[in-house]
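**Student:** Have a look at the structure that comes next, please.
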Amino acid sequence: MGADIRVENLNAWYGQTHTLKDINLHIPANHATALIGPSGCGKSTFVRCLNRMHETNPIARAEGTVRIGDIDIYKDAAPVEIRRRIGMVFQRPNPFPTMSIYDNVASGLKLNGFRNKRVLDEVVERSLKSAALWDEVKDDLKKKSGASISGGQQQRLCIARALAVDPEVLLMDEPASALDPVSTAKIEDLIFQLKSQYTIVIVTHNMQQAARVAEHTGFFLTGTLVEFDKTHKIFTNPSDKRTEDYITGRFG
Amino acid sequence: MNEPGSIQLPQTILPERSEATGPVVEVIKPPSIIRSFLQSKSSGKFADGAFQGMMVVCAMSIFFIVLLILSVLVLNSKLSMHTFGWKFFTSSAWDPNVGDFGALPFIWGTVVSSLLAVCLAVPLALCVSIFLLEICPQWLRGPIAFLTEMLAAIPSVIYGLWAIFVLVPIMRDNVGPLLQKYLGWTGFFGGPNFGVGMLTAAVILAIMIFPVISSISRDVMKAVPIHQREAALALGATRWEMIRMSVLRNARIGIVGSVILGLGRALGETMAVTMVIGNHPDISKSLFAPATTLASVIANEFSEATGDLYVSALIEIGLALFIVTIVVNAIARLLVWAVTRGNSARAV
C-alpha cells in the first residue's frame, strides 16, 4: 500500500531564485494527485523535493518538512533510503540504453544486491504486466536493449522499473508530455489502475489529463501553491480567481 | 467576464470517468519481501563516505605530486638561483666554460616552436575532425580515425629519425626556397637554410600534436546534439554554415581544451625536437636559424655537465620549463574564460 505525504513550510531555492515558497499540503495515500500550473511555476521542483532529487543539483537547496508515511525525509533518513521507497518517472523516457529490458526492470533490485533469480524473474514479469508492457516485450526480454523499443514503450518500461522496487509513492514529472496520444492514453489508463495501490503524484501541463486521472489537484503559480482541492472542485468551482483564470485559459 | 460560480469550462476538460477506457491492466503487487529487503539495506552513508574520501585522496595526490616536483626543482637549483638571481631568466649567455648561464634563448625556443606548431596543427586537426564527422563516407571513417590515433602512439624518437631523413631534406631543398622566394620579405625566412632549425622543429611538433588535437576535438564535436545541427539546417544553412553555427560554436570550449593539451605536449616534447632544431642557443628572427629549447638543452647537456653550477643551472632550466608550461596554460585558460564569460552556453 502507498503512504501519504505531508508537506509543511517547504521552501526551495535554485541558486538565488526562490522557486518554492512556503508550501503546505497533504497528499492522501493510494490516490492520484495532479499538480498543474504554467511553466516555471515550481511544480516540477516540488515533486523533486519529495524524493530529495532537487538537492542533487549543487546550487539547489530545500528547507521544510516532508513526511512520507511516518518518516520525515529531510530529517530521519538518507536520500538513498528515501529514493528506495519512492519511484520516479521523468518527462523523457530514460531507460538504461546498455541494459536489456529485463535488466532495466531489475536494475533497482540488482543495484541493492538482490540475487534471488526466481523472485527477480517474478518481479520483472509482474512489474511489466502492471505497466501494461509485458505482452509487447515478453519474447525479447533479454535480447532487446531498453532503448530499442518505441518512446511510449520506453516510458512504460520506466514505470515498470519504478514499480519493481515496490515503492510507496510514485512521482511522475510530466510522464506523457513527450508521447503520442495513444501512448499517452495508455499511460493514463495505467495511472488510473495503479493509484489503488500506490500514492501517485503527477505533474502535468495537460488539464484534461489531470481531470481524467486525479482525485485531487493542486494549482501552482510562481512558486506558491494557490489552491489544492478535489479535482472536480478545482475544475468546476475554484475558490481562487487565479485558478479560474488559468483553467479557463485566460493566461498561462 | 464570468461571474464566480458560472465558469465556462472548455467542454473537454471534464470527462469524469470512473473506469479506465483502455484494456484493464492487472495491477499486481510485487511480493512483499521486496520492500522488507530494500528497507534492510544500509543507507549507504558509510560506503558513500568512504568512496568520497578515496576520491578526495586521489585528487589531492595531484597537488602533492606537483608540489614534490616543484620542490625538487627549486631545492636543486638553489646554487644557480643565488648566483644569477632573476637575471637567469633574461640573460642570453650560455657559456659552461666561464660558468655564465641564462635561460632566455631556451625559453624563446620552447615558446616559439610550440606556438608555431600549434598554429600549424590546429587548422589541420580541425579540418580532419570536421571531415571525419560531417563529410567522410562511413567506410573511410574507421581507417582515418584509426590512423590518426596510431600517429599519437608512435614514439617521438621515431618522429625524430623520420624528420632527419625525410623532413629535413624537404625543408632544405623544397619548402625553404619557396618560403624564401615568396615570404622572404617578411624577414622570417632569411639567412642560410640548413634544413635543421626552428621551422623544421615546429613542423615535426605540429605533426606530433595533431592527433591529440584532432581526436579530442572530434569527440567534443561529436557530443553536439543532432537537434542543434538540425536547427541550423532547418534555417537553410549550408553544410559549412551548419558546422560553423552549430558544431564549432557549441564545441568551442572543448576544442580550445584540445588545443591546450596539444600545446602542453609541444612545450615538453624533447627527443624529436632535439634531433632537428639545431641546438644553438641563439634568438634569431629567421625561422630557418637553428635554435634550442629548454627540454633539448637538458637532454643534450645534463649527462656531460661538470661542476655544481652547471648542473644547478640545468635544473633551473627545468624549473623554467615547468613555469613556462604553467604560464602558457594559464594564459590559454584565461583566454577561454574571457571569451566565454557571461555566456552560459556550455561546450558539451
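The backbone N, Cα and C atoms fix where each Cβ goes, glycine too.
Not my notes, these are from TrEMBL:
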- B:50-75: transmembrane segment (TRANSMEM)
- B:106-133: transmembrane segment (TRANSMEM)
- B:107-332: domain 'ABC transmembrane type-1' (DOMAIN)
- B:145-171: transmembrane segment (TRANSMEM)
- B:191-213: transmembrane segment (TRANSMEM)
- B:253-277: transmembrane segment (TRANSMEM)
- B:309-336: transmembrane segment (TRANSMEM)
**Student:** Which bits of the chain, at least 6 residues beyond where the transmembrane segment (B:253-277) starts or stops, bring a Cβ under 8 A of a Cβ in it?
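**Tutor:** For the transmembrane segment (B:253-277), the nonlocal Cβ contacts are 109-111, 113-115, 117-118, 121-122, 125-126, 155-157, 159-161, 163-164, 167-168, 196-198, 200-201, 204-205, 208-210, 212-213, 216-217, 219-221, 223, 290-293, 295-296, 298-300, 321, 324-325, 328-329, 332-333, 335-336, 340, 346-348.
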**Student:** Who are the chain neighbours of the transmembrane segment (B:145-171) in space, where the CB to CB distance is under 8 Å and they lie at least 6 residues beyond its ends?
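**Tutor:** Sequence-distant neighbours of the transmembrane segment (B:145-171): 128, 132, 193, 195-196, 199-200, 203-204, 207-208, 210-212, 214-215, 218, 269-276.
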**Student:** Give residue numbers and ranges for long-range contacts of the transmembrane segment (B:309-336): same chain, 6 or more residues beyond its ends, CB-CB under 8 A.
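**Tutor:** Sequence-distant neighbours of the transmembrane segment (B:309-336): 69-70, 73-74, 76-81, 83-84, 88-89, 96, 99, 101, 103, 106-107, 110-111, 114, 253, 256-257, 259-260, 263-264, 267-268, 294-295, 297-298, 301-302.
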**Student:** Mind checking which residues reach the transmembrane segment (B:191-213)? Cβ under 8 Å, same chain, six or more beyond either end.
**Tutor:** 109, 112-114, 116-118, 120-122, 124-126, 128, 148-152, 156, 159-160, 163, 167-169, 171-173, 176-177, 179-180, 258-259, 261-263, 265-266, 269, 272-273, 276-278, 284, 286-291, 293
